[in-house]
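Some notes on the structure that comes next.
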Amino acid sequence: MIHILLIVSTLFTFSAHAAVQDFCVADLKGPDTPAGYTCKPAAKVTVDDFVSTGLRFSGNTSNIIKAAVTPEFAEQFPGVNGLGISIARLDLAVGGVVPMHTHPGASELLLVTQGFITAGFVSSANSVYVKTLQKGDIMVFPQGLLHFQVNAGGVTSVAFASFSSATPGLQILDFALFANNLPSKLVEATTFLDEATVKKLKAVLGGTG
């Protein structure tokens, strides 16, 4: 009995001295590390660190993919730092597409609020999961898997994507292959595309080499 009381007493002692931190608002002046941003001093934190109005307005879809992604990650929304959540707005004009891409650091949950979006992902076993979504529908994309979204209607489509990380990361497959200086010969060898196609895609996406 004495031993049990000692153990309970010890646990309460540790509990009483444990440091409990309610939040860690990102100090954007510091580095972005694998563990997130360092914390802004609590005395400098205001309610505005926990509120964002950045998703009120549609993004600019006047670009090659006719789409706009407006992120509210730790860099744009310091209050989510360390909380394991973030969000982004997706605007897809008619004909718009978010090409195959991955989020290395998070799973994604997509909620359609306007229009129709055909979305899908490819598993590591190369199984394909595709569905056309309408207002009110949601779809989940597991962490790290290639996925895409395409406008499937005759009007601008809007969706909101939530993530299981404050910094989910992003790599778009087309840009990774054709928007950098990776030598064309290597692109051809690793994708089985012909020289003319590779040069055309590099020209469109701004790649060299």
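Just so you know, glycine gets a Cβ as well, placed from its N, Cα and C.
Note: TrEMBL annotation is automatic and uncurated.
Record features (TrEMBL):
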BINDING   His101, His103, Glu108, His147  Mn(2+) binding site
BINDING   His103, Glu108  oxalate binding site
DISULFID  Cys24-Cys39  disulfide bond
DOMAIN    53-199  domain 'Cupin type-1'
SIGNAL    1-18  signal peptide
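Summed and averaged per residue, pLDDT over the domain 'Cupin type-1' (53-199) gives 96.
A sphere of 10 angstroms centred on the C-beta of His103 (Mn(2+) binding site) encloses 22 other C-beta atoms. Within 8 Å of the centroid defined by the CB atoms of His101, His103, Glu108, His147, the record's Mn(2+) site, lie the Cβ atoms of Thr102, Phe121, Phe141, Leu145, Leu146, Ala161, Pro168, Leu170, excluding the listed residues themselves.
Local packing around the Cβ, expressed as the count of other Cβ atoms within 10 angstroms, is greatest for Cys24 among the disulfide-bonded residues Cys24, Cys39. With a 10 A radius on its CB, His101 (Mn(2+) binding site) counts 18 other CB atoms from all the protein chains. Remark: Glu108 (Mn(2+) binding site) has Val140, Phe141, His147, Ala161, Ser162, Phe163, Ser164, Pro168 as non-local neighbours, by Cβ distance under 8 Å and separation of at least 6 in sequence.
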